[in-house]
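To start, the structure itself, in structure tokens.
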Amino acid sequence: MGSRPFTKNPAPMMLTIRVALVLSCICPANSIDGRPFAAAGIVVTGDKAVNIYTSSQTGSIIVKLLPNLPKDKEACAKAPLDAYNRTLTTLLTPLGDSIRRIQESVTTSGGGRQGRLIGAIIGGVALGVATAAQITAAAALIQAKQNAANILRLKESIAATNEAVHEVTDGLSQLAVAVGKMQQFVNDQFNKTAQELDCIKIAQQVGVELNLYLTELTTVFGPQITSPALNKLTIQALYNLAGGNMDYLLTKLGIGNNQLSSLIGSGLITGNPILYDSQTQLLGIQVTLPSVGNLNNMRATYLETLSVSTTRGFASALVPKVVTQVGSVIEELDTSYCIETDLDLYCTRIVTFPMSPGIYSCLSGNTSACMYSKTEGALTTPYMTIKGSVIANCKMTTCRCVNPPGIISQNYGEAVSLIDKQSCNVLSLGGITLRLSGEFDVTYQKNISIQDSQVIITGNLDISTELGNVNNSISNALNKLEESNRKLDKVNVKLTSTSALITYIVLTIISLVFGILSLILACYLMYKQKAQQKTLLWLGNNTLDQMRATTKM
């Protein structure tokens, strides 16, 4: 991952650094515990320390390409030295010419604005076809012009020294170290040995070593044929030029051994050629080093997801790739401003994003809050190794245990299978055989199931299918609406006016009142009729009794 350009406004960056430092001082850093959600297909792959850097330090290396031999041995090595000198001049003259063209293109006439404008135009012509990065390198080369001139002023004394490492400070605005890889070889082979060597052996040894160094020079400057002065030299190239003497400059600039290996892997230590003098065979390189600030209490945690098995098919968890935790706060970390090494992140700024409550709860160990996206691709990751063990989706791939032999089955509803040496010593996954040495302890949650409500649609094809279903539902609703409109069109609008409705309501109420009164009257008449019938019946019975009594008498 490449680094982003440095910000033009330092204020936001300083504010970010201060906020990060304050946060790092308040709470101790906690690494996210991946054991609760490993069985849910979310795996913590590692942590890295987070650092802030700016490319603010510079120093110069003056590479002495032509060694000084002892006086009594100069004649023996004259032939290989002359051939080496000619080859050096042929190889590096385009580099020196390119440097001079760019540096001389900024000469001004009279020091006014017009002169600077003309110089800028000539500089653009001198660059030819250049990328933005090469234009930036050209600007740095122009800024180093005075320092290169000061080095050239001391070139005779630098070329005359027999020291392999020599610090140059006279009249220079920055630290400069003269190093000679070939001079180191001469000193080790001839100046510090009491063994007498014949002339032929001296010539052979010098010739072989010079040829090897020429090969290294060709390797270093081979990619710079098109724009020899504008391409950066990597730290590996600088070590090829200076040998072990490169460490002297780095130590002087404050790079400790504990940072050196990480910074070398980051690619932040680079160099740009600023001069080449064919007369003395001196090559000047300006080295740029980062100024690093360590955020001791901030770490970046990397997450990877597996394809898990659900009742709706295979799915992968929706979580950030990188998160950072300070205290109890977990946020997504944007690494686009960072350069990664094996153990560190070097960032020009710290940019984090808050996460939704669901993802926060998921990464805190609540797997029921994790959301998943359907994944049906053939390249979806079905398994992953972690600390000598394996987390695998044995429904997506065949988990064959070689020792002891058997097929590892995954229970219905189980998201993934956690396989360690307790269950299988040698495991075969899709033709890949792994010997397991780790073990999942009791802190790892197992037999986690993913509910249907946790699986959402995010793939383009799935979304298209769902949209098609929605469109069909909308079409059906529109058809029903049109049918309803047709029925409403048949209704007489005049009968549905407000006055008509009021009349209908009043008439309905009157009808109800009359109906109720009629019902009451009918009930009264029926009651009265029954009463009359009872009276007549009583009178009839009474008369009959009197007649019976008279007859008996």
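Just so it is clear, glycine is given a Cβ too, placed from its N, Cα and C backbone atoms.
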Disulfide-linked residue for C399, taking Swiss-Prot as the record, within C394, C424: C394
N85 (N-linked glycosylation site) to C338 (disulfide bond) - Cα separation in whole Å: 43
Beyond the flanks of the topological domain 'Cytoplasmic' (522-553) by at least 6 residues, Cβ under 8 Å: none
Spatially closest candidate among C347, C394, C399, C401, N447, the listed recorded positions, to N366 (N-linked glycosylation site) (Cα to Cα): N447
Neighbour count (Cβ, 10 Å) for N85 (N-linked glycosylation site): 15
Distance from C399 (disulfide bond) back to C424 (disulfide bond), taken between C-alpha atoms, in Å: 10
